[in-house]
Amino acid sequence: VAVDAALLAGVLMRTGERPHASDVVNYVPFTLLPSAVPRALFEQACTVQQDFNLLVDAVSQNKEFLEQTLASTIKVDDFTAQLFRIYMQVLEEGLAQTVFLGINRSDYMFDCGLDGTAALRQIEINTIAASFGGLTSRTADVHRLVLKVLGKTEEASHLLPNNPAKGLALGIAKAWELYGSQRAVVMFLVEEVQRNIFDQRCVENELWNRNIRVLRKRFRDVFEQGSLDASRRLYVDGQEVAVVYYREGYVPQVYDQQNWAARLLLERSRAVKCPDIATQLAGTKKVQQELSRPGTLEKLLPGHPEAVARIRATFAGLYSLDEGEEGDRIAATAIADPDRFVLKPQREGGGNNLYGEELREVLEKIKDSPERTSYILMDKIKPQPALNYLLRAHSPLQVSECISELGIFGVYVRQGQELVLNQAAGHLLRTKAIEHADGGVAAGVAVLDTPYLV
């Protein structure tokens with residue numbers, strides 16, 4: 001019943017065997033039952049999202065902060081260095097872009113203290129290509145039906161309405177409108193292999209419903225068909241582009257010389273980029289670690305003491321591995337007790353973090369080299385596991401001990417210095433079996449879920 005409901009609701013993905021074809025699809029893995037989430041922590045995560053939107057926007061506008069924070073990282077991490085070079089080049093030329101759109105997703109886990117109380121702890125904030133806003137809009141209906149079939153009608157009525165696709169489209173539509181040309185289109189910048197196309201289509205169709213035209217293009221299309229006019233308006237395939245919405249561009253593997261050239265062209269243009277390169281840099285792990293230092297939030301958000309307090313309350317322990325005494329000490333602590341920590345490189349997209357013995361081996365190898373500055377160290381969060389069934393095509397049905405990660409989508413639009421939109425735009429719950437340390441839904445580890453507030 002659950003699988004049929006997921007197929008009916010359009011919780012779909014293309015298959016690994018035929019990633020380019022929509023005539024063979026399957027359901028996206030999901031939990032049979034919704035998972036319990038503490039109501040107070042869920043509400044805390046929703047409330048703090050507007051503060052995180054403000055913070056990401058402030059970081060993206062602070063050249064001095066980005067330069068200082070990423071100085072050590074760009075010496076050893078080529079990908080971040082190349083993004084940073086484009087960022088500086090665009091600033092030197094002078095920004096043509098006047099409207100800024102941020103779509104981010106802040107991810108949390110529920111850390112179980114020794115006394116059994118749970119606390120909200122931020123894992124990371126994704127500022128580029130934050131996915132599953134579309135498919136999660138449809139998952140609650142599946143869980144609602146499952147609960148009804150199980151005779152839990154009362155419980156079914158408690159599942160929250162949730163439509164991030166609509167919230168994300170609202171942000172894109174606002175940016176399109178402020179760009180100020182009815183003829184201009186929204187361009188989804190998409191991957192070469194698009195298994196997760198239906199998630200994107202949910203957002204895309206919301207835009208078509210508002211009579212906003214959408215193009216889907218890859219970096220190579222931009223390279224071959226893209227150009228700027230004298231006032232740096234962006235044209236791709238002869239059409240003026242108002243908004244570039246990135247669903248690609250967050251991992252080094254996608255960039256060759258031609259794709260870097262396309263990225264530079266996009267960044268130099270007047271089009272609203274979601275994200276612009278400064279906002280992508282604001283989402284790096286090094287920035288996340290720097291934000292946790294005492295006094296940093298106050299500098300970035302002067303006059304917002306309540307927002308600073310709310311943000312800080314979600315931070316887990318984060319530590320710098322920069323060269324010097326502090327970094328030496330932290331590296332030694334982690335090598336001695338690797339199970340206390342997670343080692344994180346400057347990467348998005350899941351499946352990159354290191355734990356336990358692997359963490360120790362890597363740190364042992366790089367502890368005396370500048371390479372260690374391309375990582376940060378974070379306290380390992382220890383959630384309370386719960387039992388659930390993870391439904392995956394061609395997998396046996398078995399009960400698993402699971403942990404969940406809650407993501408809150410945020411959308412903001414700034415015109416010049418004025419923030420014209422700032423809101424939370426829905427949530428995403430992903431659940432995985434405890435034997436998997438790292439990885440998201442697209443990486444094939446976590447599955448879609450719905451929070452049941454307790």
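Cβ atoms here come from the backbone N, Cα and C positions, even for glycine.
The Cβ neighbour count for Ser131 (substrate binding site), using a 10 Å radius and every protein chain shown, is 20. Marked as substrate binding site by TrEMBL: Arg105, 128-131, 194-196, Gln200, 247-250, Arg430, 441-442.
The feature Mg(2+) binding site is assigned by TrEMBL to Glu124, Asn126, Glu348. When Cβ atoms from all protein chains are considered, those within 10 Å of Asn126 (Mg(2+) binding site) total 22, not counting its own.
If you draw a 10 Å sphere around the CB of Pro345 (ATP binding site), it holds 18 other CB atoms from the protein chains shown. Annotation comment: TrEMBL describes Glu124, Lys285, 344-353, Tyr355, 378-381, Glu405, Lys432, Asp438 as ATP binding site.
As annotated by TrEMBL, domain 'Glutathione synthase substrate-binding' applies to 184-282.
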Which binding-site residues sit within 10 Å of Asn126 (Mg(2+) binding site) - Cα, from Arg105, Gln200, Glu248, Pro345, Lys432:
Arg105
Rounded to the nearest Å - Cα separation of Lys432 (ATP binding site) and Gln200 (substrate binding site):
23
Distance, Glu124 (Mg(2+) binding site) to Lys380 (ATP binding site) (CA atoms, angstrom):
13
Cα within 10 Å of Arg105 (substrate binding site): which of the binding-site residues Glu124, Pro345, Tyr355 qualify?
Glu124
Could you give me three numbers for the domain 'Glutathione synthase substrate-binding' (184-282), the DSSP helix, strand and coil residue counts?
41 helix, 26 strand, 32 coil
Find the average pLDDT over the domain 'Glutathione synthase substrate-binding' (184-282) in the predicted model and report it.
97
Which residue, of the binding-site residues Tyr250, Tyr355, has its CB surrounded by the fewest other CB atoms within 10 A?
Tyr355
